[in-house]
């Protein structure tokens, strides 16, 4: 064609849009993401431009470029409706996406047309570099895209919203995005270890600037609950329930609030309502499963456990967790939730199968793998009555050096198990040596040395213990 493909590609890489933001499809479940965005468009009427742009990118990742173009047309309609005075400025990301999709469809003339459109607007808008226009709404759109793509992107999302806020510190949308990113980062730090920076101030400010954003109100309530100010939190939830009784995302957070409060029946009632509105939502199925699990443990702690009711709840929980997994979601913890439910229902083969499915995956982040070893160790210990296998898997979790919630659980579980055996007089050299290894892995050198010395007394020819002892003594 008359346009050189290479120079076109070079220009495309300069555009600010979903295709240049490094959003990798292995980090999300495309089906689930698509459903989430479609639900968002249906129930949240405001930020449709962002949603349609995102949806068009998801369609492209699913190899339906025609569908992607249709969503970009909808994004353009939304710009005309909401920003009739700033059409060019508000369309830069959309036009960038158009250029890339036409390029992938090998319609190079049309791709070039959109590249030129963006180029001309950028020249008008910015006196400096003609390409990279540092517009706050582009930073924000990038931030919302990052929030949609999961854990690995939350840090980047926060930086984007910080940049957007530099130009417009009172913009309600930018403040909302920033607060959500802060909340998610705090959540991750709680789960996986790491420095915790509180999201409270950011959430309060976002709610002040936009008192009708009930999703932010719900996150503020959850944050207040987390820092033991649940009563104040609940008043936000109650107010938001009045404002948006039919907004599924809000209802999901409200349900989490009530489940954590211990009011599981109310949580279930809210989740059923949300599920009626968005029947395909993976997150809602997972939350319902968690509620039934919670109820099972409540009933098991009563004096006369109503077995029939427990069995019924196990069936329900299995149904919802299985729904999550069948949708090929990346909700990896739904696997061990499901496995644990099978185990409670004495369906041990299915539990084993479900665990094995994830134990064989090599794409799991370290902290998730450690959490998995903890759950599988528990399964071996409490259901299969195999202490040796339990110990083996807890230690697998410890051998992964990265500090995390899961690693701490493995450490506590294996220490408790070994100390019980040793203190009851049933422990042999192997148990004492293993406890030495646990101490060594958790950096308690002095305790490790003591254990290895005791183990060698009981098993003098064991080279493994002698080498370990030697190594420890040299390292002190």
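Glycine too: its Cβ is placed from the backbone N, Cα and C atoms.
The repeat 'TPR' annotation in TrEMBL covers 248-281, 429-462.
Per-residue pLDDT, averaged along the repeat 'TPR' (429-462), amounts to 95 for this model. Each residue in the repeat 'TPR' (429-462) gets a DSSP state, and the totals come to 27 helix, 0 strand, 7 coil. Secondary structure of the repeat 'TPR' (248-281) per DSSP, as helix, strand and coil residue counts: 28 helix, 0 strand, 6 coil.
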